[in-house]
């Protein structure tokens, strides 16, 4: 059996990753593909926690740019992440993968409230835990949620799955043909150069807690497993 490099991981899925090429909403084929990839990793004995974004349904930033109260717009974004989390839970459980959704905002009829010790216990029992509703606070991104939860549950790595790029580039490769892909970066490089991997709050949290980050494409099947096995895919960000 292949030996994974990481024992406990946080998989960060953007809302856009769940929308696939249609760019909006939840695309069933995409979410099923992601669920299959997660199952492969669980079968290696790896403990998997997932943080989902909500940008495929609603973006708080967009709402505030339209003149909406920023906090209200962000709370709407948090609710969007819960919808994504429930859809992903359903896909995983259809494949026989035990899954729990924990939300930072209490909604006991649909999910457990986020309790750190309970989340860790689920992971130890090889259940997948999906963290939804961000940090529960406006003004914080789901990237920051991933960094925070990774620190709390003592994850070995954050796997940042992208649907439009296969790593970190010097510029947007979809726009600039001369963009250079990086194999490895430090968090200070990311912050100083404004590379847009994750926001500065999330980057600082990862740097201060020494949590490595792997940025890779979710669109190629099997990439989550490859990342967990330590294969060189995408870009690794670590250290100062």
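Along the chain as shown, the residues are counted starting at 1.
Note that Cβ sites are derived from N, Cα and C of the backbone, with glycine treated the same way.
Quick caveat, the model's predicted, so the values are computed rather than measured.
According to Swiss-Prot, the ATP binding site annotation covers 12, 13, 14, 15, 55, 59, 163, 169, 172, on the basis of sequence analysis. For residue 14 (ATP binding site), the Cβ neighbour count at a 10 Å cut-off comes to 22, with all displayed protein chains included.
Feature annotation from Swiss-Prot assigns region 'Involved in allosteric activation by GTP' to 20-25. Model confidence over the region 'Involved in allosteric activation by GTP' (20-25) is summarised by a mean pLDDT of 86.
In the three-state DSSP scheme, residue 141 (UMP binding site) falls into the coil class. The UMP binding site annotation in Swiss-Prot covers 54, 74, 135, 136, 137, 138, 139, 140, 141, 142.
Across the structure, residue 139 (UMP binding site) and residue 172 (ATP binding site) are spaced 25 Å apart at their Cα atoms. When the alpha carbons of residue 55 (ATP binding site) and residue 137 (UMP binding site) are compared, the span between them is 16 angstrom.
Considering only the binding-site residues 135, 137, 141, the residue whose Cα is spatially closest to the Cα of residue 163 (ATP binding site) is 141. When the record's UMP-binding residues 54, 74, 135, 136, 137, 138, 139, 140, 141, 142 are compared pairwise by CA position, the greatest distance found is 14 Å. Non-local contacts of residue 141 (UMP binding site) by the CB criterion (under 8 A, 6+ apart in sequence, same chain) comprise 134, 198, 199, 201, 202. Listed binding-site residues near residue 14 (ATP binding site): 54 (candidates 54, 135, 137; Cα-Cα distance within 10 Å).
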